[in-house]
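The structure appears right after this line, and notes come after that.
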Amino acid sequence: MTIEIPPTQGVLLAGGLARRMGGGDKPMRTIGGSTILERVIARLKPQCDGIILNANGDPGRFAMFGLTVVADNVPDFPGPLAGILAALDWTATNRPGVEWVLSAAADCPFLPRDLVMRLHQGRAEEKAQLAVAVSGEQSHPVIGLWHVGLREELRRALVKDDIRKIDRWTACYRLAAVSWPTEPLDPFFNANTVEDIAEAERLAALDGG
């Protein structure tokens, strides 16, 4: 099935506290001479109609990347759903006419070059309201497509229902799960630990650098 890809705003989620690396910003770690964040931006820029960064704290630390930084608008670091909500709110205000937001973890350096196209294709084929990425048998709910029209429902889920896990919220909707192969590498590998950074250096060669 071939569809026309609608305008899609990208958001890179970097709001986590990076406890497994002793604090700090995981996307600022370097792989093969480039930061992880540079790699993610380069991979998604051709696929999205603009990219913003969801991060908390001083936005100036990301100034070199030239992205608009949007903080959570729900307090106490409630997780990636808060970053997705912030992106939906920002898109509704600043990108009238754009109905879809792609979210991706800012510490996934090998994202697929067909991510946006295949997620849209999957949700269109299944007439779904949302779409998430899968590799092997592992779901990656942080990496998905979200309709701007669901933002008030998401806000209620976060603020009134205290829902924190993406899977718990998406269970309320028709969801398309779109799968990618894990060979020669898992495109949704993310750098959570110092050991993961070393593994990412090896995988970068398989990904073309």
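Even glycines carry a Cβ here, placed using N, Cα and C.
Marked as GTP binding site by Swiss-Prot on the basis of sequence analysis: LEU13, ALA14, GLY15, LYS26, ASN54, ASP72, ASP107. Summarising the annotation, Swiss-Prot assigns Mg(2+) binding site to ASP107.
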Cβ neighbour count within 10 Å, max among the binding-site residues ASP72, ASP107, goes to ASP107
On the Cα atoms of LEU13, ALA14, GLY15, LYS26, ASN54, ASP72, ASP107, which are listed as binding GTP, what is the maximum pairwise distance in Å? 18
Which chain-mates of ALA14 (GTP binding site) that are at least 6 residues away have a CB under 8 A from its CB, listed by sequence? ASP25, LYS26, PRO27, LEU37, LEU53, ASN54, ALA55, PHE62, ALA106, ASP107
Name the secondary structure element type, per DSSP in three states, that contains ASN54 (GTP binding site). strand
